[in-house]
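Okay, structure first, notes after.
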Amino acid sequence: MTKFVFVTGGVVSSLGKGIAAASLGAILESRGIKVTMLKLDPYINVDPGTMSPFQHGEVFVTDDGAETDLDLGHYERFISARMGKRNNFTTGQIYETVIKKERRGEYLGKTVQVIPHITDEIKAHVKRGAEGADVAIVEVGGTVGDIESLPFLEAIRQMGIEEGRSNTCFMHLTLLPWIPTAGELKTKPTQHSVKELREIGIQPDILLCRADRAIPEDEKRKIALFTNVPHEAVISVVDADSIYSIPRMLHDQMLDEIVCHKLNLLARAADLSSWNRIVHALKNPKHEVNVAFVGKYVDLTESYKSLTEALIHAGIHNESKVNIHYIDSEEVEKHGTGELEKMDAILVPGGFGKRGTEGKIAAIRYARESKTPYLGICLGMQLAVIEFARNVAGLKDANSTEFDPHTPHPLVGLITEWKNADGKVEQRSEDSDLGGTMRLGAQKCPIVPDTKAFTIYGAEVNERHRHRYEVNNHYVDKLEKAGLVVSARTPTEQLCEMVELPSEVHPWFVACQFHPEFTSNPRTGHPLFNAYIAAALANRKA
């Protein structure tokens, strides 16, 4: 029988519920417990796929093609379980399911209400996502007190009763703000947050108290007294240099012991040696490299969360500190590539829309001509192909139909027919709905021998995709004759998956249509990013 840990948040948002939940998952997994994780998002969007990165941050794509919250990326980086469509759902999905059932007559003419119909559907989704695990850690998005969160909080309250108190544990994350004029941490916001949670019918078993400094014991005792939480279950979560030190911080305060005791779990002692090695490598790098990250959402780095973490992981495995320099591609358009001259490597990530693309193309041209190691991802590959077509293959004004529908040389275009993850053929056009109409999820494809891609991946690559446009096969032969190497293609449609320049032309120039950052983790890194940072090390500027 699966046991549940429900994680809620109070006082303010963005306290790090996802990191705290993932860290607990990592500790429990190190004790031999099979863990899965779920994220419940209270917004009405069906999924975050069509939301602006400025609104929501990164969209994390799972193996089965779900467009999900970025917290699922944290889950996969901290625990070994792979996330999927069942691990993240929204108010929009719940209401969509309930309304479809009502239209089919499944409620037998009853008045459809938030309680019990919406809450029952939430509970069914949670149980479905938790199947097969010893412990499911369920994070409820938003903040206690938000009107959007109420059906989710009511659903987990009911589960606390239905599953039994020895099978459920409630963990609440709050903020203890430091007031400089008073010279003290304030506990009142936490007291009020727990009071509001208790009014809903949930008594937290554990409090995780976020602060920018250590919490004095007398403050912990005060919190315990006024929140009805045992003193030992008031956990101090202070700001850390690295998120990968959080599992050790929580374990040192016996969080896993408290959870195991509450859930009647018998498990071996925790082994956090791999996390200790990761933190040691982060704190004691032998080298340092500077990477230019040329994008258009650089003012909000959460938009590229998995990519940033993948570079950090590669630094760990190259014993290097990776200094990521976020460069706005529109600034490159205005002021040129001078800022790139002091960089050891250049990266252009994925993205959508025309804005900033010419700046990215200028950065790619600089990387190619200066022989600076280059990694292009998704749009970063498409623009690398366009840059090569314009400046090497002689295809003047080559472009993508996404940016210029009337380009004389459509090097990149909308694929009009594609088999989705269920094997069904989808038709697409520029007028198709934006939501759920991309090539999504993990796909395998063979790699051409004697290429950098083959050295990195071996004979086959299996990575996740999230894009709507593809390199136009009609131009591939001309590009190859001009010197571009297509090192991986899809097995059926023969679409470009990876391109590179030969070693005699450029020391390290690789681009891919997929998103390798989604499968990187701190324990093993990722072969493509590991190779990229190794190339940056070899190219270090004096």
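Including glycine, each Cβ sits where the backbone N, Cα and C put it.
What Swiss-Prot annotates here:
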type     : residues                                                        : note
REGION   : 1-265                                                           : region 'Amidoligase domain'
BINDING  : S13, D146, I147, E148, K186, T187, K188, P189, T190, Q191, K222 : CTP binding site
BINDING  : S13, K186, T187, K188, P189, T190, Q191, K222                   : UTP binding site
BINDING  : S14, L15, G16, K17, G18, I19, D71                               : ATP binding site
BINDING  : D71, E139                                                       : Mg(2+) binding site
DOMAIN   : 290-542                                                         : domain 'Glutamine amidotransferase type-1'
BINDING  : G351, L379, G380, M381, Q382, E402, R468                        : L-glutamine binding site
ACT_SITE : C378                                                            : active site, nucleophile
ACT_SITE : H515                                                            : active site
ACT_SITE : E517                                                            : active site
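Nearest by CA distance to G380 (L-glutamine binding site), out of the recorded positions L15, G18, T187, T190, H515, is H515.
A distance of 19 Å separates the Cα atom of L15 (ATP binding site) from that of I147 (CTP binding site).
Of all residue pairs in the CTP-binding list (S13, D146, I147, E148, K186, T187, K188, P189, T190, Q191, K222), the one with the greatest Cα separation is 31 Å apart.
Annotated pair G18 (ATP binding site) and K188 (CTP binding site), C-alpha to C-alpha distance, rounded: 24 Å. For the recorded positions shown (D71, E139, E402, E517), fewest C-beta neighbours within 10 angstroms: E402.
For the L-glutamine site, whose binding residues are given in the record as G351, L379, G380, M381, Q382, E402, R468, the maximum C-alpha distance rounds to 14 Å. Spanning the residues S14, L15, G16, K17, G18, I19, D71 that the record associates with binding ATP, the maximal Cα-Cα distance equals 12 Å. DSSP gives I147 (CTP binding site) a helix state. Geometry remark: P189 (UTP binding site) versus H515 (active site), CA distance 41 Å. Of the binding-site residues I19, M381, M381 has the largest number of other Cβ atoms within 10 Å of its own Cβ.
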